[in-house]
Amino acid sequence: MSIISDFNDEEKEKVLEDLTSNVKQIQDDLLKEILTLNSGTEYLQSFLHGSSSKELFKKNLPIVTYKDVKPYFDRVANGESSDVISALPITNVFVSSGTSGGANKILPSNNKFLDGYAFSNDLLVHIISKHVKGVERGKGMIFSLTGHETKTPGGLPIESSTSWYLKSDYFKNRPSNWFYSFTSPDEVMLGSDIKQNLYCHLLCGLVQRDEVMRIGSTFASGMVRVIKVLQDSWKELCSNIRSGYLSEWITDSGCRNAVSMVLGGQPRPNLSDEIESICSQKSWKGIMKKLWPQTKYIEAIITGSMAQYVPTLNHYCDDLPLVSTTYASSESIFGINTYPLCKPEDISYTLMPNISYFEFIPVEEGSDDVVDLADVKLGCSYQLLITNLWGLYRMRIGDMLKVTGFHNKAPQFRFMGRENTLLSIDTDRTNEEYLFKALNRATLVLESSDLRLVAFTSYADISSSPGHYVIYLEVKAKNEDIRDLKFDEKTFLECCLVMEDSFDDEYRYCRSNEFVGPLEIRVVNDGSFDSLMNLSISKGTSVNQYKTPTCITSEKGVQVLETNVVARFFTLSIKPNHSM
Ligand code: AMP
């Protein structure tokens with residue numbers, strides 16, 4: 001993979017053109033490189049017997065799930081030589097959040113992953129500056145966080161991919177352009193206390209509020225969390241800005257020293273007054289734009305399970321574009337959005353053919369031939385498989401993608417959801433795609449009643465017979481003056497109905513035969529989903545990677561929500577508890 005950070009715009013455009021025009025050749029060359037390099041590994045040797053032929057790869061190598069290859073990963077993590085799976089040394093183990101699809105996974109990795117990460121960032125620098133004029137004139141207030149590192153029994157560091165990148169030389173020696181210029185000193189990103197780090201990120205961003213051109217967090221859920229911290233701490237932030245000194249509870253020494261330098265002991269009473277007068281306004285609609293008036297866009301992943309946060313972000317950010325740049329995982333960087341200013345519902349990602357070798361299993365029945373990236377068809381849906389330079393071969397990622405178009409010859413994919421069934425009571429099998437469809441329709445019903453969806457999750461309740469689907473919803477009034485929210489039965493009944501109506505024929509068959517009971521909406525208190533996130537983070541999930549589970553399986557998580565239920569509505573009968 002070439003290093004393109006020093007290229008000028010014209011050269012970077014050429015790289016993008018080449019990448020997207022020569023998909024087949026680049027993918028075939030990459031597969032050849034992977035197989036030639038790794039043919040002697042124990043894993044490949046057992047299927048390919050030293051060959052690096054594509055034909056043999058397609059014929060002999062099994063398509064696997066994470067569970068199938070976990071024993072190999074465990075051996076490397078426990079101290080055996082990397083060449084069980086990879087010719088290049090495995091230097092790191094990533095822990096994937098797993099919150100969107102089950103248990104946490106541990107995945108082998110090495111610098112090749114970061115090459116892909118840095119490469120896609122460098123392309124994004126070019127793409128975004130092409131679309132967002134003037135973005136290079138200021139800084140980014142980017143809420144990057146590191147979190148704790150542990151070690152495998154064999155001594156390999158275990159952390160999230162984002163953490164590793166921030167601690168690596170790639171970040172330390174990053175190119176000096178607008179994309180890598182931040183309001184926060186590196187120490188704020190590298191600290192290990194999330195509460196302190198988020199507070200300091202905000203403080204640095206407020207002090208330099210006129211320089212902020214973009215605001216970002218990896219996932220939309222992280223951005224919503226930032227806004228909550230702002231709501232809880234703006235008075236204290238203002239007092240720090242007024243005095244020029246940082247609150248005593250910021251004890252992380254690296255972070256404390258670096259932020260104290262930003263404040264410089266200089267009192268800023270005028271700035272503090274301005275921020276105070278904005279934050280004390282009754283309505284926080286558009287607050288981000290008011291506090292950071294030069295901001296050109298908000299950067300966060302808003303597709304898949306993150307789509308539920310779009311109404312909340314639109315509320316606080318007003319008409320600022322929401323830019324969802326990257327589709328990636330702990331397994332690999334997959335693709336980037338080459339049209340960053342498109343509407344949320346039009347977001348697609350162009351897979352980068354030089355980062356990993358991609359294959360696709362068609363979702364449509366009757367077509368089970370695995371196809372290459374260059375052979376996917378417009379309008380068809382696929383499950384993604386990955387083969388890469390750091391020990392993964394034909395592994396299912398668990399995501400479903402639909403081809404929506406092409407950038408030159410490179411297919412663009414819409415993220416449809418995780419492939420696994422989420423909810424199932426009888427022979428019904430409801431996956432994320434259907435759940436999102438149902439939720440989109442319910443969101444419209446809520447909006448027509450002046451309510452805004454804050455967060456949701458689902459649960460298959462089989463404690464009574466027949467079992468039924470439960471949808472937990474946290475909602476707010478669009479008009480923030482309304483604190484004493486009344487839950488209109490008609491609205492929620494309508495939500496139940498449109499949701500059930502969105503599920504597939506099998507679900508409806510089960511419902512009409514009473515194999516599945518009426519869908520239930522349980523409305524939960526303000527802040528319940530924050531408590532759920534805190535629970536997950538307390539168990540070691542990185543805050544950067546946390547995703548609200550679209551289906552909740554953990555008993556403790558269900559308990560958190562259950563203690564906060566304030567109203568219940570069923571498709572056929574309505575049983576409100578009381579109103580907030
Ligand atoms: P993790 O390995 O914990 O970072 O989780 C990776 C998973 O997050 C992917 O396999 C997707 O299911 C989801 N994900 C990552 N990027 C996006 C995106 N841009 N849109 C939707 N889902 C995403």
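Keep in mind that glycine also has a Cβ here, set from the backbone N, Cα and C atoms.
In TrEMBL this protein carries:
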type	residues	note
DOMAIN	349-418	domain 'GH3 middle'
DOMAIN	435-555	domain 'GH3 C-terminal'
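Broken down with DSSP, the domain 'GH3 middle' (349-418) shows 3 helix, 40 strand, 27 coil.
Each residue in the domain 'GH3 C-terminal' (435-555) gets a DSSP state, and the totals come to 48 helix, 27 strand, 46 coil.
When pLDDT values are averaged over the domain 'GH3 C-terminal' (435-555), the model yields 90.
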